[in-house]
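Visitor: Pasting in a structure now, in structure tokens, and then I'll have a few things to ask.
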């Protein structure tokens, strides 16, 4: 991840990378919703796995901007997930709301951990530190 900058000062390349990842992510999300219906669970779990994988790879700030923040950030959706839970709650279906929240959290955490560990396996081993 790039180092935080004061205020909202951004580099043009950083903006372009995030936008270049966000557009296909949002379009994919839209198409998945059209063809699969409301599949927040599937999309969020797959997005968590991909983001975990990317984060487990050797550091590459530009890749993280493009694919992590841009693509994964726009293909996954926290707000739609919460709205689905609220709809269950407003219908009086507490079990479905809590089940959706618990299932998404559990599967999402597991998917992120799996992706992260897979990404770390591709990372070259660190050279041993010599005692000084």
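Glycine is no exception: its Cβ is also placed from the backbone N, Cα and C atoms.
Found this in Swiss-Prot, in case it helps:
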TRANSMEM  8-28  transmembrane segment
TRANSMEM  41-61  transmembrane segment
TRANSMEM  66-86  transmembrane segment
BINDING   73, 76  Na(+) binding site
TRANSMEM  96-116  transmembrane segment
Visitor: Taking the Cβ of residue 73 (Na(+) binding site) as centre, how many other Cβ atoms lie within 10 Å?
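Guide: So the number of other Cβ atoms within 10 Å of residue 73 (Na(+) binding site) is 19.
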Visitor: Can you tell me which parts of the same chain pack against the transmembrane segment (66-86), counting only residues 6+ beyond its ends and a CB-CB cutoff under 8 A?
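Guide: Here the qualifying positions are 17-26, 28-29, 38, 40-41, 43-44, 47-48, 50-51, 54-55, 97, 100-101, 104.
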Visitor: Among all protein chains shown, how many Cβ atoms are found within 10 Å of the Cβ of residue 76 (Na(+) binding site), not counting that one?
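Guide: A count of 21.
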Visitor: Helix, strand or coil by DSSP: which one applies to residue 76 (Na(+) binding site)?
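Guide: Residue 76 (Na(+) binding site) sits in coil per DSSP, no helix or strand.
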